[in-house]
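These come from TrEMBL:
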type	residues	note
DOMAIN	5-88	domain 'Phosphagen kinase N-terminal'
DOMAIN	115-353	domain 'Phosphagen kinase C-terminal'
BINDING	118-122, Arg221, 278-282, 306-311	ATP binding site
Amino acid sequence: MACSQVGAALQYPTWTSRHRCLGRKILNQDLWEELKGEKTLLTGFTINDVVRSGVELPTSSVGVYAGDEECYRLYGPIFDPIIKEYHGIDEIPVHLSNLDPRCLTSMSQLQNKAPILSTRCRVVRNLSGYGISREKRLEVENVLVTALEGLEGDLRGHYYPYDSLTTSEKDKLVMGGYLFKEIDKYQAAAGISRDWPEGRGIFYNKEKTFLVWVNEEDHVRIISMQKGADVKEVFDRLCRGINAISQALLRHAQTEFAFHKHYGYLSSCPTNLGTGMRASVHVSVPRSFNDVQLKNTCRQLGLDVRGRHGETSEAEGGVYDVSNRQRLGRTEVDLLQTVINGINSLYNTSTKN
């Protein structure tokens with residue numbers, strides 16, 4: 001997808017009653033006229049590119065993507081209201097971070113009460129100053145591989161370019177929750193999947209408890225995961241991985257993760273701003289909950305719930321993926337504690353019914 005031309009050539013999107021995304025709710029004709037002449041310096045992203053995914057796919061819930069870090073400033077009049085509504089905040093505060101596992105409450109009490117099958121924490125990051133062209137994507141891959149090759153101890157692993165994996169290997173990794181799936185239609189509509197699969201790949205350690213996705217939706221996703229309910233161990237590994245990669249990027253490439261004092265760590269999708277962290281558990285949910293009750297209860301607890309194989313998947317055998325909904329406005333420890341407390345509350349409620 002080439003970035004759109006600016007100015008009079010851009011036409012206000014044709015929304016229908018089927019479009020329900022936040023982009024449609026915020027972007028009116030007046031705002032379109034205000035923004036249609038803008039274009040980012042780094043990638044040439046226009047307002048048309050920002051909303052393309054939401055326009056082309058009526059089922060989109062958010063419907064906007066940022067092509068580079070400048071988008072959040074240049075197109076703030078559309079991004080800011082969406083950010084506030086999605087993250088449930090009235091103002092966008094100064095970003096605070098806490099990557100200290102010692103601040104967590106133990107989750108070991110859940111092991112007898114709540115059957116936790118696995119625990120996973122990931123963060124989204126993008127490299128500052130890099131665009132989304134084919135050349136820049138390959139450059140990002142090279143920079144990240146150099147950083148990853150220097151990891152030591154339990155973080156040490158190997159990088160596998162996506163096109164070096166066989167179909168069987170990919171399928172096995174996807175089913176295990178280790179690898180991203182083939183092209184996502186929402187990312188494709190936004191232009192994120194251009195030149196697929198060139199420049200994409202996965203890094204993982206021997207135990208597959210520490211993984212890094214390169215150039216999927218964002219430049220990098222850093223993932224810590226394992227079976228069972230030891231959240232502290234998973235979070236500790238994640239924090240060490242983030243710090244090690246960050247230091248290696250600065251040392252080898254004189255670059256760092258794109259960051260804004262209010263938005264936190266910048267991401268392609270505004271749902272991942274702030275900490276960029278999604279902490280989740282695969283848990284067998286009590287039979288006393290039906291799907292509607294579960295989703296409503298989880299929302300009240302600040303949690304999202306979905307099937308164990310991704311955002312649009314269904315639950316299998318009563319097993320759900322439960323995670324923090326909010327990413328922005330709170331620290332990593334706060335968000336992980338929300339998941340811990342929410343799971344406790346979910347099971348305390350079920351035992352009383």
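For all residues, glycine too, the Cβ spot is worked out from N, Cα and C.
Unlike curated entries, TrEMBL annotations are predicted automatically.
Features per TrEMBL, on structure.
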residue	record	DSSP class
Ser118	ATP binding site	strand
Arg278	ATP binding site	strand
Gly307	ATP binding site	strand
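Fewest other C-beta atoms within 10 angstroms, among the binding-site residues Arg278, Gly307, are seen around Gly307. Non-local neighbourhood of Val281 (ATP binding site): Ile116, Leu117, Ser118, Thr119, Arg120, Ala229, Asp321, Val322, Ser323, Val339, Ile343, each in the same chain, at least six residues away, with C-beta under 8 Å from its C-beta. Taking each of the binding-site residues Ser118, Cys121 in turn and counting other Cβ atoms within 10 Å of its Cβ gives the largest count for Cys121. Using DSSP to sort the residues of the domain 'Phosphagen kinase N-terminal' (5-88) gives these counts of helix, strand and coil: 41 helix, 0 strand, 43 coil.
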